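Each remark here refers to the structure printed beneath this line.
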Amino acid sequence: MTRVFHPALSGPEQSRYQITDVASVSRSGLCINESPIRDRCGRTMGDLRLSVIDQCNLRCRYCMPEAEYAWLPRADLLSVDEISLIVDAFIAVGVDKIRLTGGEPLIRSDLAAIIEVISAKVGDGSGLQDLAITTNGVLLADQARKLKSAGMRRITISLDTLRPDRFKAISQRGTHYKVIEGIEAVAAAGFTDTKLDSVVIRGFNDDELSDLIEFARNVNAEVRFIEYMDVGGATQWSMDKVFTKAQMLSTLGKKYGPIAALPKYDSAPANRYRLPDGTTFGIIASTTEPFCATCDRSRLTADGIWLHCLYALSGINLRESVRAGASANDVVQILQRGWRDRANRGAEQRLAQRTRQVFLPVSRLKRDPHLEMHTRGG
């Protein structure tokens with residue numbers, strides 16, 4: 001396999017690098033900074049999307065439509081202890097929100113143990129404030145209570161359609177009923193602030209916006225509509241399939257009347273709105289209105305590659321450093337250097353291209369599975 005990711009420094013080489021701006025020590029004993037670390041664009045680090053597995057039990061046409069994929073070697077996946085160490089380092093440099101992703105995270109057999117070690121860090125004075133997970137919901141009915149017991153705070157479920165026939169067409173699986181059962185199980189388990197993520201594709205499900213809002217309201221959740229994104233490969237993305245934020249608001253305005261935009265207080269990607277009856281929903285317009293300028297998000301693949309951007313073509317291999325003996329403080333140094341060098345504005349650069357070609361061809365993705373969006377939390 002062609003390696004395009006740059007290994008992080010490990011072993012003796014790391015001793016040449018010192019933390020020069022340490023001002024305090026966290027509860028975990030890690031050196032931290034009094035002032036936030038900023039990248040070259042002035043953005044701080046706050047949100048980590050942590051993939052725990054690259055495999056998925058669906059084959060959604062906008063994400064991973066092919067029958068077979070080159071999976072990451074199982075021995076390369078970060079262990080629970082390795083995840084805990086790396087998470088400590090991320091918290092020490094400013095991460096206050098962590099979201100577990102996949103692939104499909106509920107496939108991983110030791111997911112509960114991962115949740116337990118991370119949830120124990122939430123609210124302990126370290127700075128971590130939130131732990132959430134994104135799932136396709138297929139396995140959720142059987143695992144919702146287990147996730148709650150392990151310490152999961154919030155759940156986001158992907159739900160693009162309420163029609164079983166459309167679900168099968170987009171996911172290539174007949175498990176729509178399991179997703180609905182999973183959503184109901186989340187409410188029964190006592191979760192609140194639940195989100196339903198719906199990728200809106202022109203000519204496919206753009207006629208279901210109000211139905212999805214009503215469904216979300218009935219299950220005590222909030223729907224977030226997502227513009228169809230270009231993730232490359234065999235997805236056959238094209239700009240003419242994008243149903244834009246403006247078009248969504250126009251469609252919903254005709255149905256419900258005046259829609260009020262809600263104030264935005266953080267760097268979350270969704271813009272939130274309120275209907276006349278008080279129902280709220282969100283729109284993530286990452287295709288037509290990229291949020292690169294305020295993006296505080298980075299990604300960690302299931303095998304420990306740290307990516308500064310969803311569209312990054314290279315990253316830093318934290319797994320190699322940890323397995324070579326790096327401590328959490330060593331990882332802190334790697335993160336500090338890496339974030340200060342960050343200048344990624346991937347979605348803005350894609351938007352600026354006059355002719356939108358496929359992000360990455362299938363042939364290149366087959367050579368390096370790290371470039372697949374499903375390995376980096378999509």
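Just so you know, glycine gets a Cβ as well, placed from its N, Cα and C.
Pulled from Swiss-Prot:
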type    : residues                                             : note
DOMAIN  : 40-259                                               : domain 'Radical SAM core'
BINDING : Arg49, Arg99, Thr134, Lys195, Arg297, Ser298, Arg299 : GTP binding site
BINDING : Cys56, Cys60, Cys63                                  : [4Fe-4S] cluster 1 binding site
BINDING : Tyr62, Gly103, Ser158, Met229                        : S-adenosyl-L-methionine binding site
BINDING : Cys292, Cys295, Cys309                               : [4Fe-4S] cluster 2 binding site
Just checking the binding-site residues Tyr62, Gly103, Lys195, Cys292, Ser298: which sit within 10 A of Cys56 ([4Fe-4S] cluster 1 binding site), CA to CA?
Gly103
Looking at the domain 'Radical SAM core' (40-259) alone, can you tell me the average pLDDT?
95
Round to the nearest Å and give the CA-to-CA distance linking Arg99 (GTP binding site) with Cys309 ([4Fe-4S] cluster 2 binding site).
15
Cα of Gly103 (S-adenosyl-L-methionine binding site) to Cα of Thr134 (GTP binding site), in Å and rounded, measures 10
On a C-alpha basis, identify the one among Cys292, Arg297, Cys309 that is nearest to Cys63 ([4Fe-4S] cluster 1 binding site); the candidates are the binding-site residues.
Cys309
Integer Cα-Cα distance in angstrom, Ser298 (GTP binding site) to Cys309 ([4Fe-4S] cluster 2 binding site)
6
Of Cys60, Cys295, Arg299, the binding-site residues lying within 10 angstroms (C-alpha) of Ser158 (S-adenosyl-L-methionine binding site) are none
Near Arg299 (GTP binding site), which binding-site residues out of Cys60, Tyr62, Met229, Cys292, Cys309 have their CA within 10 Å?
Cys309
Chain-internal residues, separated by at least six, CB under 8 A from Cys60 ([4Fe-4S] cluster 1 binding site):
Asp160, Ile170, Ser171, Gln172
Expressed to the nearest Å, what is the distance separating Arg297 (GTP binding site) and Cys309 ([4Fe-4S] cluster 2 binding site) at their Cα atoms?
7
For Met229 (S-adenosyl-L-methionine binding site), nearby residues of its own chain (Cβ under 8 Å, 6 or more apart in sequence):
Tyr62, Val199, Trp237, Ser286, Thr287
